[in-house]
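K.L.:
Got a structure for you, written out below as structure tokens; questions coming shortly.
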Amino acid sequence: MTVNAETHAGGHTWRDLPAAQQPDWPDQEALRDVIAELQSYPPLVFAGECDQLRERLGAVARGEAFLLQGGDCAEAFDAVSAEHIRNKLKTLLQMGAVLTYAGSVPVVKVGRIAGQYSKPRSKPTETRDGVTLPTYRGDSVNGFEFTEAARIPDPQRLKRMYHASAATLNLVRAFTTGGYADLRQVHAWNQDFVKSSPAGQRYEALAREIDRAMNFMNACGVNPEEFRTVEFYASHEALVLDYESSLTRVDSRTGNLYDVSGHMVWIGERTRQLDGAHIEFASRIRNPIGVKLGPTTTAEDALTLVERLDPEREPGRLTFISRMGADKVRDKLPELVEKVTASGAKVAWICDPMHGNTFEAASGHKTRRFDDVLDEVKGFFEVHKRLGTHPGGIHVELTGDDVTECVGGGDEIFVDDLHQRYETACDPRLNRSQSLDLAFLVAEMYRDQ
Ligand SMILES: O=C[C@H](O)[C@H](O)COP(=O)(O)O
Ligand SMILES: C=C(OP(=O)(O)O)C(=O)O
């Protein structure tokens with residue numbers, strides 16, 4: 001793992017191709033120094049862990065497991081705190097427990113965490129009160145504050161991204177293996193929540209059932225290790241290629257390249273050009289790869305992506321994350337699923353019900369309706385049911401905090417509430433209550449499927 005990718009044939013082939021959405025770094029020499037420093041840093045994850053996740057995703061692709069992938073739209077350096085990380089993890093663990101128990105399916109848990117610091121944007125600039133500045137591209141690139149100084153891309157931020165990811169991953173590993181994620185804690189995860197929210201109360205009833213089932217198994221002498229720790233993986237969008245490539249290493253066991261900045265990386269809707277640098281980069285690494293598929297994706301695009309990224313047709317290698325929008329999923333998804341399935345490819349199909357359903361409220365807040373999110377997931381399940389294929393999971397933007405960024409949900413948030421706790425640096429996230437609501441509804445859909 002010590003050899004960096006630049007010395008490996010294939011480690012730098014992406015550099016010859018157009019790379020969309022890259023920061024306009026003003027100081028190239030500073031960038032080169034940062035890249036050299038990042039190349040000397042230790043890996044954040046191990047190649048063997050990436051292989052293990054690929055195997056788990058293989059089960060998803062075969063229809064034997066369900067993927068829960070979620071976390072912030074954009075992580076922020078000033079949110080690297082025990083409280084934020086614990087809240088996010090707690091929400092994902094609760095959703096995982098709901099899906100496993102109510103959906104009766106093994107759940108592969110993957111955070112949008114410990115690396116989700118870079119954002120592709122629709123426009124290069126933002127104008128406020130007649131002042132135009134470069135758009136915010138995530139904490140790895142520039143500052144959120146609307147000042148000229150903050151918005152200048154600064155490569156030193158890539159080092160902060162590495163350190164923030166390392167600190168986050170360290171705590172996530174401690175939480176998931178050090179007792180906090182023990183299934184006997186199902187009630188503890190809910191303690192601060194149960195009284196106030198309908199989702200919390202519904203969860204509490206489910207936790208009591210899980211308790212009874214565990215007591216029964218305990219009485220039978222069954223108390224497996226799987227109840228005490230949780231397998232949890234980290235993922236992010238592989239957007240800023242100088243960063244991802246600096247953290248790409250040769251695996252000493254196999255000679256293969258792995259992007260050791262996270263277990264799984266995905267390529268976004270704005271950077272999945274078939275002849276572009278991102279797909280080339282992803283084609284050279286052995287991590288499990290996700291690709292977002294928006295409503296303009298053609299079946300031919302999807303088939304070429306399979307050819308480029310999964311030529312061996314290895315279940316778990318490639319995850320297609322559709323993000324069509326509630327009004328399009330039923331029209332656009334079937335042809336992709338049909339033709340990819342007919343080609344013999346063994347991809348996992350996941351639904352991102354967030355990115356196709358964003359709109360701007362009259363107050364100027366970017367938001368999403370919980371009902372649209374739910375409807376896209378429903379459409380996704382309907383398509384797979386009709387085609388006899390497996391609805392493999394969901395990919396959601398969420399937080400464990402009680403923010404007011406998306407409207408609707410059981411503990412209803414109205415458009416007029418959005419200003420109360422609107423904290424996202426980019427796109428609106430489901431709060432904890434909305435996330436749990438979604439998990440219950442998805443578990444029902446899965447069971448019915
Ligand atoms: O999270 C996804 C994208 O970065 C985001 O939707 C882009 O938002 P924008 O259209 O405001 O640039
Ligand atoms: C940018 C994102 O999504 P998409 O590429 O699907 O727009 C994202 O998931 O952060």
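Cβ coordinates are placed from backbone N, Cα and C, and glycine is handled just like the others.
What TrEMBL says about a protein is an automatic prediction, not a curated fact.
According to TrEMBL, the protein carries these features:
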- Cys73, His355, Glu397, Asp427: Mn(2+) binding site (BINDING)
- Arg112, Glu269, Arg270, Lys292, Arg323: phosphoenolpyruvate binding site (BINDING)
- 1-23: region 'Disordered' (REGION)
K.L.:
When the Cβ positions of the binding-site residues Arg112, Glu397, Asp427 are compared with the atoms of ligand 2, which fall under 6 Å?
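P.N.:
Qualifying residues: none.
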K.L.:
Please check each of the binding-site residues Arg112, Arg270, Arg323, Glu397 and report the ones with a CB atom less than 6 Å from an atom of ligand 1, ordered along the sequence.
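P.N.:
List returned for ligand 1: none.
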K.L.:
Could you state the CA-to-CA distance between Arg323 (phosphoenolpyruvate binding site) and Cys73 (Mn(2+) binding site) to the nearest Å?
P.N.:
14
K.L.:
Indicate the candidate from Arg112, Arg270, Arg323 with the smallest number of other Cβ atoms within 10 Å of its Cβ, considering only these binding-site residues.
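P.N.:
Relative to the other binding-site residues in Arg112, Arg270, Arg323, Arg270 has the fewest Cβ atoms within 10 Å.
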K.L.:
Calculate the distance in Å between the alpha carbons (Cα) of Glu269 (phosphoenolpyruvate binding site) and Glu397 (Mn(2+) binding site), and round it to a whole number.
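P.N.:
Cα-Cα distance, Glu269 (phosphoenolpyruvate binding site) to Glu397 (Mn(2+) binding site): 15 Å.
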K.L.:
I want the residues beyond Cys73, His355, Glu397, Asp427 whose C-beta is within 8 angstroms of the mean position of the Mn(2+) site's C-beta atoms, in chain order.
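P.N.:
Leaving out the recorded residues gives Met354, Thr358, Thr424, Cys426, Pro428, Arg429.
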K.L.:
Is it possible to get the count of other C-beta atoms within 10 angstroms of the C-beta of Glu397 (Mn(2+) binding site)?
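P.N.:
There are 27 of them.
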K.L.:
Name, in the order they occur in the sequence, the residues of the same chain whose CB lies under 8 A from the CB of Cys73 (Mn(2+) binding site) and which sit 6 or more residues away.
P.N.:
Arg112, Gln116, Lys119, Glu397, Thr424, Ala425, Cys426, Asp427, Pro428, Arg429
K.L.:
Whole-number Å only: compute the distance from the Cα of His355 (Mn(2+) binding site) to the Cα of Arg270 (phosphoenolpyruvate binding site).
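P.N.:
For His355 (Mn(2+) binding site) versus Arg270 (phosphoenolpyruvate binding site), the Cα atoms are 12 Å apart.
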K.L.:
If H, G and I count as helix, E and B as strand, and all else as coil, what does DSSP give for Glu397 (Mn(2+) binding site)?
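P.N.:
The three-state answer is strand.
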K.L.:
Please report the three-state DSSP label of Arg112 (phosphoenolpyruvate binding site).
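P.N.:
For Arg112 (phosphoenolpyruvate binding site) - judged by DSSP and reduced to three states - the answer is strand.
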K.L.:
Taking the Cβ of His355 (Mn(2+) binding site) as the centre, count every other Cβ atom within 10 Å, in any protein chain shown.
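P.N.:
Its Cβ shell of radius 10 Å holds 21 other Cβ atoms.
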